Amino acid sequence: MNDFYIHDKDTFFNPATRSRIVYFILSRIKYQVRENVKKFGINKLVSSGIYKAAFPLHDCNFSCPSEDFSCPNERYLLYMEWAHPRSIYKKQPLDLIRKYYGEKIGIYFAWLGYYTQMLLLAAVVGVACFLYGFVNRNNCTWSKEVCDPNIGGNIVMCPQCDNLCPFWKLNITCESSQKLCIFDSFGTLVFAVFMGVWVTLFLEFWKRRQAELEYEWDTVELQQEEQPRPEYEARCTHVVINEITQEEERVPFTTWGKCIRAVLCASAVLFWILLIIASVIGIIVYRLSVFIVFSAKLPKNFNGTDPIQKYLTPQTATSITASLISFVIIMILNIIYEKVAIMITNFELPRTQTDYENSLTMKMFLFQFVNYYSSCFYIAFFKGKFVGYPGDPVYWLGKYRNEECDPGGCLFELTTQLTIIMGGKAILNNIQEVLLPWVKNLIGRCRTVSGSEKISPRWEQDYHLQLMGRLGLFYEYLEMIIQFGFVTLFVASFPLAPLLALVNNILEIRVDAWKMTTQYRRMVPEKAQDIGAWQPIMQGIAILAVVTNAMIIAFTSDMIPRLVYYWSFSVPPYGNHTHYTMEGYINNTLSIFNIADFKNRSKGNPYSGLGDHTTCRYRDFRYPPGHPQEYKHNIYYWHVIAAKLAFIIVMEHIIYSVKFFLSYAIPDVSKSTKSKIKREKYLTQKLLHENHLKDMTKNMGVIAESIIGAIDNNLRPKLE
């Protein structure tokens, strides 16, 4: 205590720190020893039913201010200045959040608020790119050719499935091609490059903000203070020699046992990831099989009078139903795996709470990454890429013919998938976060044992609130990181993703604040130095996002084939036009197939409304029938492949160079924060040194007085 400046012992520790100290004691105190087995901790007593619950109390009622002005109701302040809907435009009171809930919750809301602020810039640029595509959609030459009755209306397309699928005219995809022009434009390329730079700026500036909070909240040296978890200490039965102190210490298992546990845990995680991949394959099989049904049932001849017919094509119907089924499966697997991941991490037995959460974070994110993004990766990089040609199609499992993209590509379908998953997830999560705790608390208040009393005590009111749990904050982080992946990984196909994320996050901050302040018990405060394992996860997503967006533009959109046609194949020696133009692009990029070359298995069901045709068209770059290399890839195909690979290499190198330059140029800790930390260390050492000198001086004075007193007593009789 001599090393601290203590003005008042009752207020020296803030409420969060006091609760943390009490919980530390309660979670480790022994209450029984039976057959040399020690039982300890309040958590064990609660799980055994001896106690109903153990939790810190809230300050009074959130809707009433304190009557004592010297002791303000901090819960009321948080509700009015942070959680109330009228406070949606206000800055978050981070210091008050940290004081009331602890550093861990404080740094989560600091990160979420900073992420939302940065999304504002991305949303503005994304909307600008979307508006650019929307304004210029009528200048899209290739879409005009698709919709032109004399061009698209006269092009007969080959069947996209076996036997049941009829021939169809290209102009039935007119509506989807016009929508595709909005997203598949030059603005999308600019936005993809911008987002590659934006995510780096966000991560680097967040590190600086995080360093400021570490200094202000005194968590710079937190790692040296963290204690082992009670569950870990209870299993420490093996004695080993510490390599640093050379003293005996207890650990829960030997090195060999630790390896066995690691292998078992990794195998369990791998099994569940493979289970998700199996569900994705099931969705693909569904798409392949149900497309045949929609192709047979839905009309293929567009007459322009039926408004539903313009939108409900077999491709659109298949895409929407598959996306909805995929979303339902994702949410079901998500619920199951959460419990499995916790069981695996408990079996692994990490030493500290930080280690526990980091281990659980990596397991959950690997699962969620495959769960949420696998269907998007399939549409972006696999659908329509390995289909063969009408005379020799490629089959899944030897039975299901591979899906083909619309003549404009799969980009619009990827946009549809992202919209359904991202929008559906946001709506469902917000409904759950608002309605579920409110309904449960309402039921709890109706069943209260003190219902006859006019005023129930604070502990009883809090008891009927919902339990947040020690992993409650983990799920909030996970929800936001999954959203961060959607905003960055596939943003080239959906420039409005940052806008949707911005609107969701503005609501998310206030919904989380409302439920923590009014609907949940007060959590046991915890210290945290940073956002933990989520930081390297975001850095990994940022690096992967550059590759995925470059590949979406190159392989999913039709931007590169259009550029190749414009600059090389619209003019001699390959084209017939005298100037660079996009006219004739559709006719040039659809290959010709002789109907007589159909195999019995892949022959389509002729449609009477299309007349008598001997050839049909399909999406590929191949030589026509009668050519010496018929149905082999033509020179256009190889030009496009070379251009796509060159584009990916150039775009990746440019963005990675800018990212690494920004990472190097922007220091993780600002100069002013470094100076403050150094000055604090200097003053601490100086004060401690002066304190010790004062103590030594004081002690020496006492010793000197004692010696003088003893000498004086010995000499006094002689003098007398």
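Just so it is clear, glycine is given a Cβ too, placed from its N, Cα and C backbone atoms.
Here TrEMBL flags 2-94 as domain 'Anoctamin dimerisation'. This prediction places the mean pLDDT of the domain 'Anoctamin dimerisation' (2-94) at 83.
As annotated by TrEMBL, domain 'Anoctamin transmembrane' applies to 97-680.
Sequence annotations record features per position, and here TrEMBL assigns transmembrane segment to 108-135 (among others).
Listed as Cβ neighbours of the transmembrane segment (186-206) (distance under 8 Å, sequence separation of 6 or more from its ends, same chain) are residues 111, 114-115, 118, 121-122, 125-126, 128-130, 132-133, 487-488, 491-493, 495, 498, 535, 538-539, 541-542, 545-546, 549-550, 552-553, 557, 559, 651, 654-655, 658-659, 662-663, 666, 668. Look at TrEMBL and you will find 186-206 (among others) tagged as transmembrane segment.
Look at TrEMBL and you will find 263-296 (among others) tagged as transmembrane segment.
Residues annotated as transmembrane segment in TrEMBL: 316-337 (among others).
If you look at the transmembrane segment (364-382), the same-chain residues 6 or more away from its ends with a CB under 8 A from one of its CBs are 269, 272-273, 276-277, 280, 283-284, 322-323, 326, 330, 333-334, 337-338, 341, 410, 413-414, 417-418, 421, 425, 474, 478, 481-482, 485-486, 489-490, 493, 537, 548, 551-552, 555-556. Annotated transmembrane segment per TrEMBL: 364-382 (among others), in sequence order.
Non-local neighbours of the transmembrane segment (480-507) in the same chain are 88, 112, 115-116, 119-120, 122-123, 125-127, 129-130, 133, 183, 187-189, 191-192, 195, 199, 365, 368-369, 372-373, 376, 380, 411, 414-415, 418-419, 421-423, 425-426, 430, 534, 537-538, 541-542, 544-545, 548-549, 552-553, 556-557; each lies 6+ residues outside the stretch with a CB under 8 Å from one of its CB atoms. According to TrEMBL, the transmembrane segment annotation covers 480-507 (among others).
As annotated by TrEMBL, transmembrane segment applies to 531-555 (among others). Beyond its flanks by at least six residues, the transmembrane segment (531-555) meets 107-108, 111, 188-189, 192, 195-196, 199-200, 203, 207, 210, 354, 357-358, 361-362, 365, 380-381, 385, 411, 414, 477, 481, 484-485, 488-493, 644-645, 647-648, 651-652, 655-656, 659 of its own chain at Cβ-Cβ distances under 8 Å.
Annotated transmembrane segment per TrEMBL: 635-656 (among others), in sequence order.
Mapped onto DSSP classes, the domain 'Anoctamin dimerisation' (2-94) shows 32 helix, 9 strand, 52 coil.
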